[in-house]
Structure formats: C-alpha cells, structure tokens
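Listed in TrEMBL for this protein:
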- B:119-424: domain 'NADH:quinone oxidoreductase/Mrp antiporter transmembrane' (DOMAIN)
- B:12-28: transmembrane segment (TRANSMEM)
- B:102-119: transmembrane segment (TRANSMEM)
- B:125-144: transmembrane segment (TRANSMEM)
- B:156-177: transmembrane segment (TRANSMEM)
- B:200-225: transmembrane segment (TRANSMEM)
- B:237-257: transmembrane segment (TRANSMEM)
- B:269-291: transmembrane segment (TRANSMEM)
- B:303-322: transmembrane segment (TRANSMEM)
- B:334-354: transmembrane segment (TRANSMEM)
- B:374-397: transmembrane segment (TRANSMEM)
- B:409-429: transmembrane segment (TRANSMEM)
- B:450-473: transmembrane segment (TRANSMEM)
Amino acid sequence: MYLTSYLALAAILFCIGLYGVLTKRNAVMLLFSVELMLNAVNLNLVAFSRLGFFPNIEGQIFTFFTITVAAAEAAVGLAILIALYRKKETAEADQYNSLKG
Amino acid sequence: MKQMAMDLSPEWILLVGIALILIGEILLRENSSRFILGLIAGLTVTASGLFVILQGKEVISLFSDSYVSDPLIRSIKLLLIVGTLLVVILSFSEKLAAKGEYYLLLLSALLGAMTLVSAAELVMLFVSLELLSLSAYVLVGMHQERLASSEAAWKYVVYGGASSAFLLYGMSFFYGLTGTTSLTEMSGNLAVAFTNNNEMLLYLGFFLILVGIGFKIAAVPFHMWAPDIYQGAPTTITTFLAVVSKIAGFAFMLRFLGSLFGTQGIQSVLHGVVIPALLVLSILSMIVGNVIALKQFHLKRMLAYSSIGHAGYMIIAIITILLGGESVAYSSLYYYFVAYLLASTGTFAILQVVAQDKSPDRRVLSGLHKRSPLLAFCLSVFLLSLAGIPFTAGFIGKLTILVGAFGNSLFWVAGIMLLTTVISYYYYFRLIRQMYWQEDEKAEKERVSWSAGFVIALTLIGTFLFGIMPQILLQGIGSWFM
C-alpha cells in the first residue's frame, strides 16, 4: 500500500531531525533539525489526508497552519540566536552552558 | 453575529488590548515611561476576567465545535487571568517593562492560553499552544543585556520546538486514523479505529502527544528545560511560566485525555495504557523533582524542581478525574491550582524584591528576619503553603488530592505522595531556617515597591483565607460551575 511508504518516509525524516537535535553542535543546524521534524509531520498529514483510511481535506488545511507556525518559530529562534551570538560570539550550541545548578 | 461577538468577548477584549498597546508603543516617545501601557494591559486583563464571569453558566460552542466554553473551562480561564494580572502588576516595578512589547507579549501569551483552554479541535489546539509558546520564548529572552536570559530563551526555543514537533506528530496519527480533527467526533471514531488493527499507531500517537504535554507541564522525564529556563528568565516571566503556562498545559491535558479516553471513551485503553503512563509520569515527577530540589543552591532552580514535584501531585488529581469523572475530583484539582498559584506568585514576588537583579543564591535570604520581619513572615507562609502545612491553602489542596487517590484505591501513589511531601519539608524549612537563624552582614532594610507589596499582600490573604475557610472556595466552585 502507498500510505505505508509515505508514513515510513515521514518517520525516517522525523528520526533524522531528532538525531540532529540531539547531536548537532552548530546552533543553526539545531534549528534546521527542528524544521525537519516539523516537515515530517506535514508529510504525514498530507499522506493521511490523501491516502488515509478516511481521506478528507482537513489534513491539508492542518498542514497550512503547521507550515506557517513553523516559519514563525524559525524566525523567533533565529532572532534569539542572533541576540545570543552578539554576547557569546560563537554559534556552537554546546558553548551555551552558563546555566547550571 | 452579535451573539458570537458576545460569546468570544474575553478573547476579543485581549485582542483590542494588544492593538492598543501596539499603537501606544508607536505613539510614545523613546524615553518616556511605559507605565501607561502597563495600565492598559492590567485593565484589559481585568475586563476580560469580568466578561468571563458575566458569561456565567452558559454553554458556548462556536465554529462547528472547535471553540467550546462551559463553566468548567471558564473557571480555569479565570485562574489564568488572575495569574497574568498578578504578573502584570508585579512588572510595574521591573526595569524590563520599560519596553512596550513586554506587555504586548504577555497579553498575547494569555490569549494563547485562553484559546488553548477553550479549543476542542486539533488545529486550534496547536495554534493556541504555539501562540502561548512563541510569546513565552521572546519573554524569556527579554533581558537582552543579560547572557543568562538569552541563553534560557535559546534553550526554550530548541526544546519547545522539538516538543511541539512530537505533539504534532502524535496528532497527525490521531487525525489519520480517525479522519477528523475535532475532538468530539474523534472520540466517536476512536473505537472504530481500534478495531482496524491499527492500535499500535494510536498508541504511538498517544505517547508522542504525551511527550508534548509532559514538556508543557514540566513532568519528569520531560522536565530538563525547566530549571535552566526558570533560572535565566526574568523573575516576573518565571512566575508566568510556573503558574499560567503550567495551568494552561494541565487544562490542555485534561481536555485532550478527558474527551478522548474519558468516561465515554474506550475503557480498556484508559485502564491499560493511559492511566499507567500517567502514573509513571506522576511518580517520577514527585520523586525526581523533590529529591533534586534538595541539593539546589540557586533559589529559582530549587523552585523549578519543587514545581516539577507539584506537577506530579497535580497529575494524580488528573488521574482521579479520568477514573471517576466526577465534580469532586475536579474541585480538588482546582483547589490545588489556586493554592499553587497564590503561593508561587507570592514566593517569586518576594524573590524579586530580595534578590533584585542578582542571581539569587540561597544566602540572599540570610538574616531576612532582622532586616524585614514582615517579608520573612510572608515568605514563610508561602513556603509552608507549598509544603502543605495546615492552616494554609496548600494543605487543603494536598489533602483533597490524597483523599481522591485513596478513594480510587491508588494506595501506592498516595504513599509516594506523602513520602515526597515529607522530603519537600526539608528544603522548604531550610529556607525558613536561613531567614530566621542565619546572620548576615547586610543590614539595610529591603525596599518593597508598591506593586510587589500589593501582590504579596493579596496572595498572603488568599493563602490564609482558603487555608482556614476552604468551604468558601469549594462551595464557590460547586455552586458556580457545577
């Protein structure tokens, strides 16, 4: 069945994204990885809305919302990263370690 | 159309307030005081609260059931509004509130929290949650000249983004297997989906969503962000996160689990998967939160771990609601929310006064009794309420949750709750000892601004009133909402 292959692709994308979030040192790569996870969700939603058990348009509408919100989240993330970069002068996320107990 | 405007009035008013602050920020000169914007923010939040009260017992359902508002939801909205109002008042004396966008973001975060509580549809739930989160990310990073603040905001964005990806991924499975995004329709289709041999995908979806929710309410093992972000954020925003954002997260959890796996849902899944998963979250939160709080020196970190512990207690109340589905269980959760809101807000307000801009170590409290006896007394009351000592609101909250747990034969969990409460006495009392029995060379009195004083007085009165006469609140909830 077609649906399974789309779901598998989405799962692989999600896992790559999660791996990136957990292991990448560069802060911009971290944001990319989060975007990858969100895009895996979009793929999932569109696949379900087209080939799912109950195909309907709602999944595609949902995708529009997630794309928009993901863009907003990336914008906020980059803005905060720039503010942080000005003080730390590095984009290596493991250098951001001043907060600890 | 007119009816719809009335039904949505609490949200409309917040939107108008946001627009007014935006215009005000443009009109005001660069270096003039932003107090007027704070005043607008306070008034809009109050007005919104009044409209929530005015709606009374009406049951509202708009946009083909994607926005629901009933007395139960309204009671939580009122808590969110009171919490935000206290944060706004507390901010009057903050240097940081010299920027107009501070109040704007605070109101938009509240707007997100309120629609989150009312949402009964996946898209709406997601968008409201993100409105709340995105505003909170920026608010955490508001102290631009401080490294800790930017760093906390960065960590919050990354953790928050990943957790909302988990939440969405879970939601996509629920949508795919039931073919709808409306929670009411979904609960009907869920039974069919389970017979289609797709249980595994649904379980996967449930656990993914649990990760997202667990992050929002800072339950172990998804709590890693909380201490860092509570520490780095400005104290007023820490209050907002610990109170408003957390209560909104719990309301979301209650709505999602309640409408899908509640009394009308599939009983075998509820007892086989949902309740055990919640029990694990609750037990881990209680133990890890309270034990790690023992060795924290930084006050805000300690309070972060203690609030993780409190999340564990609140999950027990959620479990009793899911098991019993009665109003008694709900009022115990609500009572705990109120007690937690009052005591946390009061504690953070005093922390803001005592530590000023410094990063508060436990030692800033040394000798507070000599310097400002009244402040020391108030902080002791709040800490006792968080610990759950009789005659404070926290005691009644803990007691009602315990009674609910015993009523549902959750003896193990109730035992762990008692044990961790005793552990928590140690670190709460240590602070009280620090205030009363430790000397400090610093001799001058603490300067308490009127706004902080107002918030402290209000929360102190509430803590005592609801601790000594619990029937006021219990009957109030009962008569108004049930």
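Using N, Cα and C of the backbone, Cβ positions are placed for all residues, glycine too.
Please treat TrEMBL annotations as automatic predictions, because they have not gone through curation.
Counting C-beta pairs under 8 angstroms (sequence separation of 6 or more), the transmembrane segment (B:303-322) reaches the transmembrane segment (B:200-225) with 3 or more such pairs.
Simply put, out of B:269-291, B:374-397, B:450-473, B:269-291 has the most Cβ pairs sitting under 8 Å from the transmembrane segment (B:200-225).
Distant neighbours of the transmembrane segment (B:125-144): 96, 99, 101-102, 105-106, 108-109, 111-116, 119, 150, 152-154, 156-157, 160, 164, 167-168, 171, 216, 229, 232-234, 237, 240-241, 245, 248, 252, 256; these residues of the same chain sit at least 6 beyond its ends, with a Cβ under 8 Å from one of its Cβ atoms. Counting residues 6+ beyond its ends, the transmembrane segment (B:237-257) has Cβ neighbours under 8 Å at 73, 76, 79-80, 83-84, 86-87, 90, 106, 109-110, 112-113, 116-117, 119-120, 125, 129, 132, 136, 139-140, 142, 183, 209, 213, 216-218, 229-230, 274, 278, 300, 303-304, 307, 311, 314, 318, 321-322, 333, 337, 340-341, 344-345, 348-349 in the same chain. If you look at the transmembrane segment (B:374-397), the same-chain residues 6 or more away from its ends with a CB under 8 A from one of its CBs are 306, 310, 332, 335-336, 338-340, 342-344, 346-347, 350, 353-354, 365, 368, 421, 424-425, 428-429, 431-432, 435-436, 446, 448, 456, 459-460, 462-468, 470. Across B:269-291, B:334-354, B:409-429, the stretch most heavily in contact with the transmembrane segment (B:450-473), judged by Cβ pairs under 8 Å, is B:334-354.
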